Amino acid sequence: MEGEQQQQQQQSVAAVRPSLGKAPSPSFRLRNGSLNAVRLRRVFDLFDRNGDGEITVDELAQALDALGLEADRAGLAATVGAHVPDGAAGLRFEDFESLHRALGDALFGSLDVPEDGGGGGGGDEEMKEAFKVFDVDGDGFISASELQEVLKKLGMPEAGSLANVREMICNVDRDSDGRVDFGEFKCMMQGITVFGA
């Protein structure tokens with residue numbers, strides 16, 4: 001029975017990649033080294049919109065949509081369903097952890113990051129792509145209101161107060177102009193990668 005369930009989970013995970021409406025941005029890769037249990041729990045809590053301790057297919061689809069990863073509902077239902085225990089309405093945290101481990105490269109591509117940065121400056125291209133997600137108006141800077149808008153889309157509680165968002169900006173704003181330029185963003189992201197690993 002357990003071997004059959006594992007095979008079903010593997011097949012459903014393999015079906016996810018073609019069900020995505022577009023290829024996931026490399027900027028949103030889940031990197032095993034930097035996504036520990038505490039961070040995964042925070043992601044789970046964000047995706048669990050109604051706070052009932054389970055993530056339904058609808059809640060997961062809404063979260064993926066907010067990240068720009070439109071997924072086919074049928075494929076998503078099959079993948080999630082393979083990890084939902086009998087009698088449960090959705091993924092509990094331990095099921096979500098199992099799904100996260102199973103998805104690995106199937107959904108987000110290779111998780112290996114070459115030590116030289118990927119050759120040809122690919123790391124900078126990924127960083128620029130991530131920066132563009134936050135630089136909503138395309139002016140080359142991330143303002144507090146732009147950051148707040150993205151945080152709202154992601155359902156993050158930090159988005160509730162513009163003063164808190166401004167404080168977040170101040171923490172990385174080296175030239176004190178009240179906004180984050182690409183260099184400041186890059187330093188911040190490299191710090192997250194180093195300290196989060």
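Every residue number used here counts from 1 along the chain in the order it is shown.
Including glycine, each Cβ sits where the backbone N, Cα and C put it.
According to Swiss-Prot, the Ca(2+) 1 binding site annotation covers Asp48, Asn50, Asp52, Glu54, Glu59. Mapped onto three states, the DSSP output places Glu54 (Ca(2+) 1 binding site) in coil. There are 18 other CB atoms within 10 A of the CB of Glu54 (Ca(2+) 1 binding site), with all protein chains counted.
According to Swiss-Prot, the feature Ca(2+) 2 binding site maps to Asp135, Asp137, Asp139, Glu146. Non-local contacts of Glu146 (Ca(2+) 2 binding site) by the CB criterion (under 8 A, 6+ apart in sequence, same chain) comprise Phe134, Asp135, Val136, Asp137.
Packing around Asp177 (Ca(2+) 3 binding site) is summarised by its Cβ count: 11 other Cβ atoms lie within 10 angstroms of its Cβ, all protein chains included. Sequence annotations record features per position, and here Swiss-Prot assigns Ca(2+) 3 binding site to Asp173, Asp175, Asp177, Arg179, Glu184 based on sequence analysis.
Per Swiss-Prot, the feature compositional bias 'Low complexity' maps to 1-11.
Taken from Swiss-Prot, the feature domain 'EF-hand 1' applies to 35-70, supported by sequence analysis.
When averaged over the domain 'EF-hand 2' (122-157), pLDDT in the model lands at 83. Annotated domain 'EF-hand 2' per Swiss-Prot: 122-157, in sequence order.
Taken from Swiss-Prot, the feature region 'Disordered' applies to 1-28.
Rounded to a whole number, the C-alpha distance linking Asp175 (Ca(2+) 3 binding site) with Asp48 (Ca(2+) 1 binding site) is 38 angstrom. Taking the Cβ of Glu59 (Ca(2+) 1 binding site) as centre and 10 Å as the limit, one finds 19 other Cβ atoms among all the protein chains shown. Cα of Asp52 (Ca(2+) 1 binding site) to Cα of Asp139 (Ca(2+) 2 binding site): a distance of 40 Å. Considering only the binding-site residues Asp48, Asn50, Glu54, Glu59, Asp139, the residue whose Cα is spatially closest to the Cα of Glu184 (Ca(2+) 3 binding site) is Asp139. Closest to Asp139 (Ca(2+) 2 binding site) in space, going by CA atoms and restricting to the binding-site residues Asn50, Asp177, Arg179, is Arg179.
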